[in-house]
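Scroll down for the structure; my scribbles are underneath it.
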Amino acid sequence: MVNSTHVSYFIMSAFFHTGVFKYLFFMIVMCLYVCIIGSNVLLIVVICVNRSLHEPMYLFLCSLFVNELCGSTGLFPFLLVQILSDIHTVSAPLCFLQIFSLYTYANVQFYNLAIMSYDRYLAICHPLHYNTRMTSNKAAMFIAPTWFFPILHVVIMISLSAPLQLCGNIINKVYCDNFSVVKLACSDTTVNNVYGLVYMFTVIVALIILMFYSYMRILRVCFSGSKQTRQKAVSTCTPHLVSLFNFSFGAFFEVSQSRFDMSGVPSMLRIVLSLYFFTFPPLFNPLIYGQNLTKIRIICKSLLFGKV
C-alpha cells in the first residue's frame, strides 16, 4: 500500500491513447477555451465600461462571468497539456490547486445563481421598492459573501483532504476532484464526510430554498399580475432559469459520476459528461444573457459591428 508520504503525483486513468486524433481533440478543446475566454471577457468589459449597466443585476452577471473565467482557467490549460502528453500524471500540489479552482467555481456559481434569483424576486415582486432595497452598494455586499464563503469552504475541505494517508494514486477522471482523492484514503475519513454532509444540509439546502421561494413568488406574480408584468418577468427570468437548469444538469452528471459506478457507460461519454459541468455553463451563459438582455445585446452589437 502507498501512504501519503509517498504520493507525490496522481495518475489520471480516464485518458486513453488516441493516436493522431489527439491533435484534433487539442484543437477542439482549444477552440472551446478561446470561445469561453472571448465571450466572458467581452461581457465583463461591456458591463464595466458602460455606466448604464452599473446596476445590481449586471453587477451580479459580471461576478458570474468572472467566476466562469476562473473555473475555465482551472481546467482547460490542464486538459490541453494532458491531451498532448503520453503520460497522464499530475503532481499532488497541482492536483489540489485544481481542486481548489474547480470547487470554488462550482460553489461561487451556485451562490451567484441564488443571489440573482433573489434579485429578480425583488425586481418583479417589489418593483416600487427595488431601487431602495437593492442598490449597487448592497449588490456589492451580496457579491462579497458569494466569493468569501465558497473559498472558505473549499480551503477547509482541502485542509481536511490533503493530510489523509492514501492507499493509491489513480484518479479515474480527466481532472482532479476531492471525492476521488478521499476515496483513495486508507485513514479515517469520518471528519471529511461529516463536514461535507453538514455543508450540504445547511448552506446548499438554504440556497435551494432561497431560489425555490424566489421563483415561486415570481410565478405567482406572473399568474396574478398584468400582461406587462408577465412580459417583464419572462424577459428577465428566462436567461436566469436557463442558466440555472444548465448548471443543475451539469451538477447532476458530476455528482452521479462521483457517487455511482459508471463503468458500464462508454469511456468517451463519461469524459464528455464529466466536462459538461465546467464547459457548457461558461460557454452558453454569455450567449444566453447577451442575446436576451436588451441593454447588453445593443451595446455588444454596437461594439462588434458598429452603430446599429
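Just so it is clear, glycine is given a Cβ too, placed from its N, Cα and C backbone atoms.
Remember, TrEMBL labels are computer predictions, not curated facts.
Database features, via TrEMBL:
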| type | residues | note |
| --- | --- | --- |
| TRANSMEM | 20-46 | transmembrane segment |
| DOMAIN | 39-289 | domain 'G-protein coupled receptors family 1 profile' |
| TRANSMEM | 58-84 | transmembrane segment |
| TRANSMEM | 96-118 | transmembrane segment |
| TRANSMEM | 139-160 | transmembrane segment |
| TRANSMEM | 197-216 | transmembrane segment |
| TRANSMEM | 237-256 | transmembrane segment |
| TRANSMEM | 268-289 | transmembrane segment |
Counting Cβ pairs under 8 Å that are 6 or more apart in sequence, does the total for the transmembrane segment (237-256) and the transmembrane segment (96-118) reach three or more?
yes
Stretch-averaged pLDDT - the domain 'G-protein coupled receptors family 1 profile' (39-289):
88
